[in-house]
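J.: Positions annotated as active site, nucleophile by Swiss-Prot: Cys90. The active site annotation in Swiss-Prot covers His178, Glu180 and is backed by sequence analysis. Among the features that Swiss-Prot reports, ATP binding site is placed at Ser232, Gly233, Gly234, Val235, Asp236, Ser237, Ser238. Annotation source Swiss-Prot lists domain 'Glutamine amidotransferase type-1' at 13-204, citing sequence analysis. The domain 'GMPS ATP-PPase' annotation in Swiss-Prot covers 205-403, and the record cites sequence analysis as its basis.
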Amino acid sequence: MSDPKVTTQRNPSIVILDFGSQYSELIARRIRETEVYSMVLGYNSSVEELKKLSPQGIILSGGPSSVYEEKAPLCDPSIWDLDIPILGVCYGMQVMVKQLGGLVGEAIGKAEYGKALLQVDDPTALLTNVENGSTMWMSHGDSVKQLPAGFVRLAHTTNTPDAAIACHDRRFYGVQFHPEVVHSTDGMVIIRNFVHNICRSKPDWTTNTFIDEAINDVQEKVGKKRVLLALSGGVDSSTLAFLLKKAIGNQLTCMFIDQGFMRKGEPEFLMEFFDKKFHINVEYINARDRFLDKLQGVSDPEKKRKIIGTEFIRVFEEESLRLGPFDYLAQGTLYPDVIESSGTNIDPKTGERIAVKIKSHHNVGGLPKDLQFKLVEPLRTLFKDEVRKVGRSLGLPEEIVNRHPFPGPGLAIRILGEVTKEKLNCLRDADLIVREEIADAGLYHQIWQAFAVLLPVRSVGVMGDQRTYAWPIVLRCVSSEDGMTADWSRLPNSLLEKISNRIVNEVNGVNRVVLDITSKPPGTIEWE
(Lines of atoms letter the chains of each structure in order from A and count residues from 1; the text may use other names and numbers.)
(Lines give C-alpha, C1' and ligand atoms only; values in the text may rest on other atoms or scores of the structure.)
Protein backbone atom coordinates (compact mmCIF):
# COMPACT_ATOMS: atom_id res chain seq x y z
CA MET A 1 0.00 0.00 0.00
CA SER A 2 1.02 3.62 -0.25
CA ASP A 3 -0.27 6.03 2.33
CA PRO A 4 -0.10 9.80 1.81
CA LYS A 5 3.10 11.28 3.13
CA VAL A 6 3.00 13.85 5.88
CA THR A 7 5.12 16.99 5.87
CA THR A 8 6.70 16.62 9.28
CA GLN A 9 10.23 15.25 9.20
CA ARG A 10 9.77 13.19 12.35
CA ASN A 11 8.77 9.54 12.45
CA PRO A 12 5.87 8.42 14.62
CA SER A 13 6.65 6.88 17.99
CA ILE A 14 3.46 4.83 17.74
CA VAL A 15 1.87 3.46 14.56
CA ILE A 16 -1.80 2.46 14.52
CA LEU A 17 -2.66 -0.17 11.92
CA ASP A 18 -6.26 0.48 10.90
CA PHE A 19 -8.54 -2.51 10.33
CA GLY A 20 -11.54 -0.30 9.53
CA SER A 21 -12.46 0.85 13.02
CA GLN A 22 -14.50 3.98 13.56
CA TYR A 23 -12.13 4.71 16.46
CA SER A 24 -8.73 4.52 14.73
CA GLU A 25 -8.39 8.30 14.54
CA LEU A 26 -9.47 8.53 18.15
CA ILE A 27 -6.67 6.18 19.22
CA ALA A 28 -4.16 8.44 17.49
CA ARG A 29 -5.66 11.51 19.14
CA ARG A 30 -5.55 9.92 22.58
CA ILE A 31 -1.88 9.03 22.13
CA ARG A 32 -1.10 12.58 21.05
CA GLU A 33 -2.83 13.83 24.19
CA THR A 34 0.04 12.15 26.04
CA GLU A 35 2.44 14.28 23.90
CA VAL A 36 3.60 11.34 21.79
CA TYR A 37 3.43 11.52 17.99
CA SER A 38 1.28 8.82 16.39
CA MET A 39 0.28 7.92 12.85
CA VAL A 40 -2.50 5.80 11.31
CA LEU A 41 -1.59 3.41 8.49
CA GLY A 42 -3.50 0.71 6.64
CA TYR A 43 -3.64 -2.72 8.27
CA ASN A 44 -1.71 -4.28 5.38
CA SER A 45 1.33 -2.02 5.66
CA SER A 46 4.40 -4.13 5.04
CA VAL A 47 7.10 -4.76 7.61
CA GLU A 48 9.51 -2.97 5.28
CA GLU A 49 7.35 0.16 5.44
CA LEU A 50 7.14 -0.07 9.20
CA LYS A 51 10.89 -0.53 9.58
CA LYS A 52 11.47 2.72 7.67
CA LEU A 53 9.40 4.55 10.29
CA SER A 54 11.18 2.90 13.25
CA PRO A 55 8.19 3.08 15.60
CA GLN A 56 8.62 2.28 19.27
CA GLY A 57 5.27 0.51 19.36
CA ILE A 58 2.35 -0.63 17.23
CA ILE A 59 -1.37 -0.67 17.97
CA LEU A 60 -3.78 -2.87 16.01
CA SER A 61 -7.17 -1.17 15.81
CA GLY A 62 -10.62 -2.64 16.05
CA GLY A 63 -12.66 -3.46 12.97
CA PRO A 64 -15.97 -4.83 11.67
CA SER A 65 -14.67 -8.23 10.51
CA SER A 66 -14.32 -11.65 12.15
CA VAL A 67 -10.82 -13.14 12.07
CA TYR A 68 -12.11 -16.65 11.34
CA GLU A 69 -13.77 -15.58 8.07
CA GLU A 70 -12.07 -16.55 4.82
CA LYS A 71 -11.05 -13.05 3.72
CA ALA A 72 -10.61 -11.47 7.13
CA PRO A 73 -7.99 -8.68 7.09
CA LEU A 74 -4.77 -9.65 8.85
CA CYS A 75 -1.45 -7.87 9.26
CA ASP A 76 1.90 -8.81 7.75
CA PRO A 77 2.92 -11.93 9.76
CA SER A 78 6.49 -10.64 9.99
CA ILE A 79 5.24 -7.89 12.27
CA TRP A 80 5.51 -10.30 15.19
CA ASP A 81 9.28 -10.52 14.67
CA LEU A 82 9.96 -6.76 14.91
CA ASP A 83 10.84 -7.02 18.61
CA ILE A 84 8.75 -3.99 19.61
CA PRO A 85 5.65 -3.78 21.83
CA ILE A 86 2.30 -4.42 20.15
CA LEU A 87 -1.17 -3.72 21.56
CA GLY A 88 -4.26 -5.23 19.95
CA VAL A 89 -7.58 -3.46 20.56
CA CYS A 90 -10.82 -5.46 20.15
CA TYR A 91 -10.52 -6.94 16.61
CA GLY A 92 -6.80 -6.15 16.81
CA MET A 93 -6.49 -8.41 19.85
CA GLN A 94 -8.27 -11.19 17.95
CA VAL A 95 -5.84 -10.75 15.03
CA MET A 96 -2.99 -11.16 17.50
CA VAL A 97 -4.52 -14.31 18.98
CA LYS A 98 -5.21 -15.91 15.60
CA GLN A 99 -1.86 -15.12 13.99
CA LEU A 100 0.06 -16.37 17.02
CA GLY A 101 -1.72 -19.73 17.19
CA GLY A 102 -4.74 -19.14 19.42
CA LEU A 103 -8.44 -19.60 18.63
CA VAL A 104 -11.21 -17.03 18.15
CA GLY A 105 -14.89 -17.82 17.64
CA GLU A 106 -18.34 -16.36 17.85
CA ALA A 107 -19.33 -15.32 21.37
CA ILE A 108 -22.66 -17.15 21.34
CA GLY A 109 -24.79 -15.68 24.09
CA LYS A 110 -21.75 -13.83 25.42
CA ALA A 111 -21.45 -10.86 23.05
CA GLU A 112 -20.85 -7.53 24.77
CA TYR A 113 -21.90 -4.08 23.61
CA GLY A 114 -21.71 -1.02 25.81
CA LYS A 115 -20.37 -0.65 29.32
CA ALA A 116 -18.85 -3.55 31.27
CA LEU A 117 -17.03 -3.74 34.60
CA LEU A 118 -13.40 -4.82 34.29
CA GLN A 119 -12.12 -7.25 36.92
CA VAL A 120 -8.33 -6.96 37.07
CA ASP A 121 -6.48 -10.27 37.55
CA ASP A 122 -2.93 -8.95 37.03
CA PRO A 123 -2.48 -5.28 38.00
CA THR A 124 0.97 -4.95 36.42
CA ALA A 125 2.41 -3.65 33.15
CA LEU A 126 -0.54 -2.68 30.92
CA LEU A 127 -3.03 -2.51 33.81
CA THR A 128 -0.86 -0.68 36.32
CA ASN A 129 -3.05 1.75 38.32
CA VAL A 130 -6.23 0.56 36.57
CA GLU A 131 -8.94 0.43 39.21
CA ASN A 132 -10.55 -2.96 39.75
CA GLY A 133 -14.20 -2.75 38.67
CA SER A 134 -13.65 0.25 36.42
CA THR A 135 -15.98 0.71 33.45
CA MET A 136 -14.77 -0.21 29.96
CA TRP A 137 -16.57 0.10 26.63
CA MET A 138 -17.22 -3.20 24.85
CA SER A 139 -18.26 -3.72 21.23
CA HIS A 140 -17.67 -7.30 20.10
CA GLY A 141 -19.57 -10.36 18.93
CA ASP A 142 -16.53 -12.67 18.90
CA SER A 143 -14.28 -13.80 21.71
CA VAL A 144 -11.04 -15.65 22.40
CA LYS A 145 -11.55 -19.41 22.82
CA GLN A 146 -7.91 -20.35 23.41
CA LEU A 147 -4.90 -18.14 24.14
CA PRO A 148 -1.68 -18.58 22.15
CA ALA A 149 1.30 -20.16 23.88
CA GLY A 150 3.00 -17.79 26.30
CA PHE A 151 -0.07 -15.59 26.87
CA VAL A 152 -1.79 -15.00 30.21
CA ARG A 153 -5.03 -13.38 31.26
CA LEU A 154 -4.79 -9.86 32.71
CA ALA A 155 -8.48 -9.11 33.27
CA HIS A 156 -12.01 -10.40 32.69
CA THR A 157 -15.63 -9.23 32.66
CA THR A 158 -18.86 -11.09 33.31
CA ASN A 159 -19.21 -12.16 29.67
CA THR A 160 -15.58 -12.06 28.54
CA PRO A 161 -13.08 -14.36 30.31
CA ASP A 162 -10.11 -12.87 28.42
CA ALA A 163 -10.89 -9.15 28.43
CA ALA A 164 -7.18 -8.29 28.60
CA ILE A 165 -4.23 -10.55 27.80
CA ALA A 166 -0.45 -10.41 27.61
CA CYS A 167 2.69 -12.19 26.54
CA HIS A 168 5.04 -10.33 28.85
CA ASP A 169 8.24 -11.80 27.41
CA ARG A 170 7.47 -10.52 23.91
CA ARG A 171 5.65 -7.35 25.08
CA PHE A 172 2.45 -8.30 23.26
CA TYR A 173 -0.80 -7.09 24.81
CA GLY A 174 -4.47 -7.23 23.92
CA VAL A 175 -7.70 -5.72 25.22
CA GLN A 176 -11.16 -6.79 24.09
CA PHE A 177 -12.58 -3.35 24.97
CA HIS A 178 -11.92 0.16 23.65
CA PRO A 179 -9.69 2.15 26.01
CA GLU A 180 -9.72 5.12 23.63
CA VAL A 181 -13.41 6.04 24.07
CA VAL A 182 -14.56 8.40 26.78
CA HIS A 183 -16.86 5.73 28.30
CA SER A 184 -13.81 3.69 29.39
CA THR A 185 -13.07 5.40 32.69
CA ASP A 186 -9.46 4.21 33.02
CA GLY A 187 -8.83 3.98 29.29
CA MET A 188 -6.24 6.75 29.26
CA VAL A 189 -4.39 5.03 32.09
CA ILE A 190 -4.00 1.96 29.86
CA ILE A 191 -2.92 4.05 26.87
CA ARG A 192 -0.31 5.87 28.95
CA ASN A 193 0.94 2.59 30.39
CA PHE A 194 1.48 1.19 26.91
CA VAL A 195 2.90 4.32 25.30
CA HIS A 196 5.09 5.65 28.11
CA ASN A 197 5.92 2.67 30.32
CA ILE A 198 6.02 -0.24 27.88
CA CYS A 199 7.10 1.47 24.64
CA ARG A 200 9.24 4.06 26.46
CA SER A 201 8.10 6.80 24.07
CA LYS A 202 9.21 10.31 24.98
CA PRO A 203 6.55 13.01 25.45
CA ASP A 204 8.03 15.41 22.89
CA TRP A 205 5.03 16.06 20.62
CA THR A 206 4.10 19.54 21.82
CA THR A 207 2.52 22.56 20.19
CA ASN A 208 5.74 24.56 20.22
CA THR A 209 7.69 21.61 18.82
CA PHE A 210 5.24 21.31 15.94
CA ILE A 211 5.37 25.04 15.18
CA ASP A 212 9.17 25.04 15.06
CA GLU A 213 9.29 21.95 12.83
CA ALA A 214 6.53 23.22 10.52
CA ILE A 215 8.22 26.59 10.05
CA ASN A 216 11.50 24.89 9.16
CA ASP A 217 9.71 22.55 6.73
CA VAL A 218 7.94 25.44 4.98
CA GLN A 219 11.10 27.53 4.72
CA GLU A 220 13.06 24.62 3.25
CA LYS A 221 10.33 23.78 0.75
CA VAL A 222 9.30 27.26 -0.36
CA GLY A 223 12.61 29.09 -0.30
CA LYS A 224 12.07 32.61 -1.66
CA LYS A 225 9.03 31.78 -3.78
CA ARG A 226 5.47 33.12 -3.45
CA VAL A 227 2.59 31.31 -1.75
CA LEU A 228 -1.15 31.86 -2.22
CA LEU A 229 -3.71 30.95 0.46
CA ALA A 230 -7.50 31.00 0.12
CA LEU A 231 -8.58 32.54 3.43
CA SER A 232 -12.05 31.72 4.76
CA GLY A 233 -11.75 33.01 8.31
CA GLY A 234 -12.21 29.58 9.86
CA VAL A 235 -9.76 28.23 12.39
CA ASP A 236 -7.88 26.08 9.84
CA SER A 237 -7.13 28.74 7.24
CA SER A 238 -6.57 31.40 9.93
CA THR A 239 -4.05 29.23 11.77
CA LEU A 240 -2.36 28.43 8.47
CA ALA A 241 -2.15 32.13 7.60
CA PHE A 242 -0.47 32.94 10.91
CA LEU A 243 1.94 30.02 10.57
CA LEU A 244 2.93 30.94 7.01
CA LYS A 245 3.30 34.61 7.91
CA LYS A 246 5.75 33.61 10.62
CA ALA A 247 7.60 31.27 8.25
CA ILE A 248 7.84 33.29 5.03
CA GLY A 249 6.58 36.79 5.82
CA ASN A 250 5.57 38.86 2.79
CA GLN A 251 6.00 35.93 0.41
CA LEU A 252 2.47 34.99 1.50
CA THR A 253 -0.61 36.42 -0.20
CA CYS A 254 -4.06 35.56 1.12
CA MET A 255 -7.13 35.78 -1.07
CA PHE A 256 -10.45 36.34 0.67
CA ILE A 257 -13.35 35.77 -1.72
CA ASP A 258 -16.54 37.27 -0.28
CA GLN A 259 -19.27 35.23 -1.94
CA GLY A 260 -21.97 37.01 0.06
CA PHE A 261 -22.93 34.12 2.32
CA MET A 262 -20.97 34.94 5.46
CA ARG A 263 -22.43 35.92 8.80
CA LYS A 264 -23.12 39.54 9.69
CA GLY A 265 -19.98 41.63 10.07
CA GLU A 266 -17.56 38.79 9.29
CA PRO A 267 -16.00 40.13 6.06
CA GLU A 268 -15.27 43.45 7.73
CA PHE A 269 -13.89 41.73 10.83
CA LEU A 270 -11.58 39.48 8.82
CA MET A 271 -10.12 42.32 6.77
CA GLU A 272 -9.63 44.48 9.86
CA PHE A 273 -8.07 41.61 11.78
CA PHE A 274 -5.72 40.05 9.22
CA ASP A 275 -4.88 42.94 6.94
CA LYS A 276 -4.78 45.95 9.25
CA LYS A 277 -4.04 44.53 12.70
CA PHE A 278 -1.59 41.74 11.86
CA HIS A 279 -0.36 43.08 8.50
CA ILE A 280 -0.98 39.86 6.60
CA ASN A 281 -1.42 40.66 2.92
CA VAL A 282 -5.08 39.89 2.15
CA GLU A 283 -6.63 40.58 -1.23
CA TYR A 284 -10.36 41.19 -0.79
CA ILE A 285 -12.49 39.98 -3.69
CA ASN A 286 -16.11 41.17 -3.62
CA ALA A 287 -18.02 38.57 -5.63
CA ARG A 288 -21.37 38.81 -3.84
CA ASP A 289 -23.51 39.75 -6.85
CA ARG A 290 -21.76 37.21 -9.05
CA PHE A 291 -22.56 34.31 -6.71
CA LEU A 292 -26.12 35.44 -6.05
CA ASP A 293 -26.83 35.74 -9.78
CA LYS A 294 -25.68 32.15 -10.29
CA LEU A 295 -28.11 30.91 -7.62
CA GLN A 296 -31.22 32.57 -9.04
CA GLY A 297 -34.06 30.05 -9.22
CA VAL A 298 -31.98 27.25 -7.64
CA SER A 299 -33.60 25.41 -4.71
CA ASP A 300 -31.89 22.01 -4.62
CA PRO A 301 -29.21 21.99 -1.88
CA GLU A 302 -26.72 19.85 -3.79
CA LYS A 303 -27.03 22.07 -6.86
CA LYS A 304 -26.44 25.11 -4.67
CA ARG A 305 -23.27 23.56 -3.27
CA LYS A 306 -21.97 22.64 -6.72
CA ILE A 307 -22.72 26.07 -8.17
CA ILE A 308 -20.98 27.80 -5.28
CA GLY A 309 -17.99 25.47 -5.55
CA THR A 310 -17.69 25.87 -9.32
CA GLU A 311 -18.01 29.64 -9.16
CA PHE A 312 -15.44 29.82 -6.38
CA ILE A 313 -12.97 27.95 -8.56
CA ARG A 314 -13.58 30.35 -11.45
CA VAL A 315 -13.11 33.42 -9.28
CA PHE A 316 -10.03 31.90 -7.67
CA GLU A 317 -8.52 31.10 -11.05
CA GLU A 318 -9.14 34.57 -12.45
CA GLU A 319 -7.81 36.39 -9.41
CA SER A 320 -4.77 34.16 -8.92
CA LEU A 321 -3.72 34.86 -12.50
CA ARG A 322 -4.26 38.58 -11.93
CA LEU A 323 -2.31 38.66 -8.66
CA GLY A 324 0.34 36.10 -9.56
CA PRO A 325 2.42 34.39 -10.54
CA PHE A 326 2.47 32.10 -7.51
CA ASP A 327 4.56 28.97 -7.11
CA TYR A 328 2.71 27.37 -4.20
CA LEU A 329 -0.88 26.97 -3.08
CA ALA A 330 -1.31 26.58 0.68
CA GLN A 331 -4.14 24.32 1.83
CA GLY A 332 -5.50 23.66 5.30
CA THR A 333 -5.58 19.88 4.87
CA LEU A 334 -5.82 18.13 8.24
CA TYR A 335 -4.76 14.64 9.28
CA PRO A 336 -8.29 13.12 9.16
CA ASP A 337 -8.34 14.04 5.44
CA VAL A 338 -5.01 12.26 4.96
CA ILE A 339 -6.29 9.17 6.75
CA GLU A 340 -9.51 9.12 4.74
CA SER A 341 -7.71 9.59 1.44
CA SER A 342 -5.64 6.50 2.15
CA GLY A 343 -8.79 4.40 1.94
CA THR A 344 -8.28 2.28 5.04
CA ASN A 345 -11.95 1.40 5.44
CA ILE A 346 -12.49 -2.35 5.29
CA ASP A 347 -15.30 -4.28 3.64
CA PRO A 348 -16.22 -6.88 6.29
CA LYS A 349 -17.48 -9.28 3.61
CA THR A 350 -14.40 -9.30 1.39
CA GLY A 351 -11.67 -8.09 3.74
CA GLU A 352 -10.59 -5.60 1.09
CA ARG A 353 -9.90 -1.93 1.49
CA ILE A 354 -12.67 0.38 0.34
CA ALA A 355 -11.63 3.34 -1.76
CA VAL A 356 -12.89 6.46 -0.04
CA LYS A 357 -13.36 9.77 -1.80
CA ILE A 358 -11.17 12.48 -0.35
CA LYS A 359 -13.11 15.20 1.41
CA SER A 360 -12.48 18.46 -0.41
CA HIS A 361 -13.45 21.85 0.92
CA HIS A 362 -15.54 23.63 -1.66
CA ASN A 363 -13.07 26.48 -2.00
CA VAL A 364 -9.98 24.43 -2.86
CA GLY A 365 -11.17 21.05 -4.09
CA GLY A 366 -11.05 20.67 -7.85
CA LEU A 367 -8.84 23.65 -8.63
CA PRO A 368 -7.79 23.60 -12.30
CA LYS A 369 -4.60 21.63 -12.86
CA ASP A 370 -3.30 24.16 -15.37
CA LEU A 371 -2.75 26.63 -12.53
CA GLN A 372 0.35 24.50 -11.91
CA PHE A 373 0.60 25.17 -8.20
CA LYS A 374 2.75 23.07 -5.94
CA LEU A 375 1.03 22.30 -2.66
CA VAL A 376 2.20 23.28 0.79
CA GLU A 377 0.13 21.70 3.58
CA PRO A 378 1.86 22.20 6.94
CA LEU A 379 -1.22 21.28 9.00
CA ARG A 380 -1.73 17.86 7.45
CA THR A 381 -0.27 16.04 10.46
CA LEU A 382 -2.74 17.65 12.87
CA PHE A 383 -6.18 16.87 14.23
CA LYS A 384 -8.69 19.69 14.70
CA ASP A 385 -8.06 20.07 18.42
CA GLU A 386 -4.32 20.33 17.72
CA VAL A 387 -4.95 23.05 15.12
CA ARG A 388 -6.76 25.08 17.77
CA LYS A 389 -3.79 24.73 20.13
CA VAL A 390 -1.39 25.84 17.39
CA GLY A 391 -3.61 28.79 16.49
CA ARG A 392 -3.78 29.86 20.11
CA SER A 393 0.02 29.63 20.48
CA LEU A 394 0.48 31.72 17.33
CA GLY A 395 -1.70 34.50 18.72
CA LEU A 396 -5.10 33.89 17.16
CA PRO A 397 -7.88 35.41 19.29
CA GLU A 398 -10.33 33.11 21.03
CA GLU A 399 -13.19 34.30 18.82
CA ILE A 400 -11.47 32.58 15.89
CA VAL A 401 -9.82 29.68 17.73
CA ASN A 402 -13.10 28.61 19.35
CA ARG A 403 -15.36 29.66 16.52
CA HIS A 404 -18.27 27.32 15.91
CA PRO A 405 -17.96 25.25 12.70
CA PHE A 406 -19.36 27.07 9.68
CA PRO A 407 -20.09 25.39 6.33
CA GLY A 408 -18.13 26.42 3.26
CA PRO A 409 -21.24 27.51 1.31
CA GLY A 410 -22.20 29.56 4.35
CA LEU A 411 -25.71 30.91 4.84
CA ALA A 412 -26.68 29.70 1.36
CA ILE A 413 -27.33 26.23 2.82
CA ARG A 414 -29.05 27.60 5.91
CA ILE A 415 -31.67 29.16 3.68
CA LEU A 416 -33.84 26.31 2.46
CA GLY A 417 -34.86 26.80 -1.14
CA GLU A 418 -33.85 29.73 -3.33
CA VAL A 419 -31.37 32.24 -1.93
CA THR A 420 -32.24 35.94 -2.25
CA LYS A 421 -30.83 39.18 -0.82
CA GLU A 422 -33.94 39.64 1.29
CA LYS A 423 -33.62 36.18 2.82
CA LEU A 424 -29.89 36.61 3.42
CA ASN A 425 -30.44 39.89 5.28
CA CYS A 426 -33.20 38.30 7.33
CA LEU A 427 -31.12 35.25 8.26
CA ARG A 428 -28.03 37.33 9.07
CA ASP A 429 -29.98 39.39 11.59
CA ALA A 430 -31.59 36.33 13.18
CA ASP A 431 -28.32 34.41 13.33
CA LEU A 432 -26.55 37.33 15.02
CA ILE A 433 -29.22 37.43 17.73
CA VAL A 434 -28.82 33.69 18.37
CA ARG A 435 -25.06 33.98 18.75
CA GLU A 436 -25.24 37.14 20.86
CA GLU A 437 -27.72 35.73 23.36
CA ILE A 438 -25.96 32.38 23.72
CA ALA A 439 -22.65 34.17 24.27
CA ASP A 440 -24.22 36.55 26.82
CA ALA A 441 -25.58 33.52 28.67
CA GLY A 442 -22.05 32.09 28.89
CA LEU A 443 -22.99 29.02 26.87
CA TYR A 444 -21.18 29.62 23.58
CA HIS A 445 -18.19 27.43 24.40
CA GLN A 446 -20.38 24.68 25.85
CA ILE A 447 -22.23 24.22 22.55
CA TRP A 448 -20.77 22.68 19.40
CA GLN A 449 -22.90 24.77 17.04
CA ALA A 450 -25.69 27.32 17.43
CA PHE A 451 -27.31 28.97 14.45
CA ALA A 452 -30.53 29.98 12.71
CA VAL A 453 -32.16 28.42 9.66
CA LEU A 454 -34.70 30.16 7.42
CA LEU A 455 -37.52 28.02 6.03
CA PRO A 456 -38.94 28.56 2.52
CA VAL A 457 -42.54 28.77 3.75
CA ARG A 458 -44.59 31.48 5.42
CA SER A 459 -46.79 31.23 8.47
CA VAL A 460 -49.66 33.35 9.74
CA GLY A 461 -49.13 35.53 12.78
CA VAL A 462 -50.53 38.57 14.58
CA MET A 463 -48.44 41.62 15.43
CA GLY A 464 -49.98 44.90 16.66
CA ASP A 465 -53.53 43.77 15.82
CA GLN A 466 -52.40 43.16 12.26
CA ARG A 467 -52.29 39.84 10.46
CA THR A 468 -48.78 38.86 9.36
CA TYR A 469 -47.64 36.30 6.84
CA ALA A 470 -43.91 35.84 7.29
CA TRP A 471 -41.04 33.36 7.42
CA PRO A 472 -40.33 31.07 10.36
CA ILE A 473 -36.82 30.79 11.79
CA VAL A 474 -35.51 27.47 13.12
CA LEU A 475 -33.16 27.57 16.11
CA ARG A 476 -30.56 24.79 15.83
CA CYS A 477 -28.23 24.21 18.79
CA VAL A 478 -26.30 20.97 19.25
CA SER A 479 -23.74 19.54 21.65
CA SER A 480 -21.00 17.25 20.35
CA GLU A 481 -17.37 16.25 20.82
CA ASP A 482 -16.40 15.89 17.18
CA GLY A 483 -19.46 16.54 15.01
CA MET A 484 -19.78 12.86 14.04
CA THR A 485 -22.70 12.45 16.43
CA ALA A 486 -24.61 15.21 18.20
CA ASP A 487 -27.45 15.81 20.62
CA TRP A 488 -29.69 18.85 20.69
CA SER A 489 -28.68 21.30 23.40
CA ARG A 490 -31.07 21.76 26.33
CA LEU A 491 -31.03 25.55 26.58
CA PRO A 492 -32.83 27.25 29.50
CA ASN A 493 -36.42 28.19 28.70
CA SER A 494 -35.71 31.78 29.69
CA LEU A 495 -32.93 31.95 27.08
CA LEU A 496 -35.12 30.42 24.39
CA GLU A 497 -37.83 32.94 25.19
CA LYS A 498 -35.39 35.84 24.96
CA ILE A 499 -34.02 34.66 21.61
CA SER A 500 -37.52 34.19 20.21
CA ASN A 501 -38.76 37.58 21.41
CA ARG A 502 -35.77 39.41 19.96
CA ILE A 503 -36.00 37.68 16.58
CA VAL A 504 -39.72 38.31 16.01
CA ASN A 505 -39.41 41.91 17.19
CA GLU A 506 -36.13 42.91 15.57
CA VAL A 507 -35.93 40.91 12.33
CA ASN A 508 -38.08 42.08 9.45
CA GLY A 509 -39.96 39.31 7.69
CA VAL A 510 -40.07 36.83 10.60
CA ASN A 511 -43.06 36.11 12.83
CA ARG A 512 -42.28 32.68 14.27
CA VAL A 513 -39.34 30.84 15.89
CA VAL A 514 -39.25 27.05 16.24
CA LEU A 515 -36.73 24.78 17.98
CA ASP A 516 -35.06 21.79 16.29
CA ILE A 517 -34.80 18.97 18.85
CA THR A 518 -33.41 16.32 16.48
CA SER A 519 -30.18 14.51 17.33
CA LYS A 520 -27.57 13.24 14.86
CA PRO A 521 -28.34 10.56 13.82
CA PRO A 522 -31.04 10.41 12.53
CA GLY A 523 -30.78 14.05 11.49
CA THR A 524 -27.71 15.99 10.41
CA ILE A 525 -26.49 19.14 12.11
CA GLU A 526 -27.04 21.31 9.05
CA TRP A 527 -30.41 21.32 7.33
CA GLU A 528 -28.90 21.17 3.84
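Heads up, the Cβ atoms here are built off N, Cα and C, so glycines get one too.
Can you tell me where each of these features sits in this structure?
T.: Listed in sequence order, the residues of the same chain lying 6 or more apart from Cys90 (active site, nucleophile) and placing their CB within less than 8 Å of its CB are Ser21, Ser61, Gly62, Gly63, Ser139, His140, Val175, Gln176, Phe177, His178.
Cβ contacts within 10 Å of His178 (active site), excluding its own Cβ and spanning all protein chains shown: 24.
Listed in sequence order, the residues of the same chain lying 6 or more apart from Glu180 (active site) and placing their CB within less than 8 Å of its CB are Tyr23, Leu26, Ile27, Arg30, Val89, Gly187, Ile191.
Neighbour list (Gly233 (ATP binding site), Cβ cut-off 8 Å, at least 6 residues apart, same chain): Phe256, Met262, Glu266, Phe269, Leu270, Ile400.
Computed over the domain 'Glutamine amidotransferase type-1' (13-204), the whole-number mean pLDDT of the model equals 92.
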J.: Other than Ser232, Gly233, Gly234, Val235, Asp236, Ser237, Ser238, which residues of the same chain sit close to ATP? List them in sequence order, counting a residue when its Cβ is within 8 Å of the Cβ centroid of the site.
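T.: Leaving out the recorded residues gives Leu231, Thr239, Leu240, Gly332, Ile400, Arg403.
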J.: Using a 10 Å cut-off, grab the number of neighbouring Cβ atoms around the Cβ of Ser237 (ATP binding site), all chains included.
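T.: For Ser237 (ATP binding site), the 10 Å Cβ neighbour count is 23.
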J.: Kindly assign Ser232 (ATP binding site) to one of the three DSSP-derived states: helix, strand or coil.
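T.: Its secondary structure by DSSP: coil.
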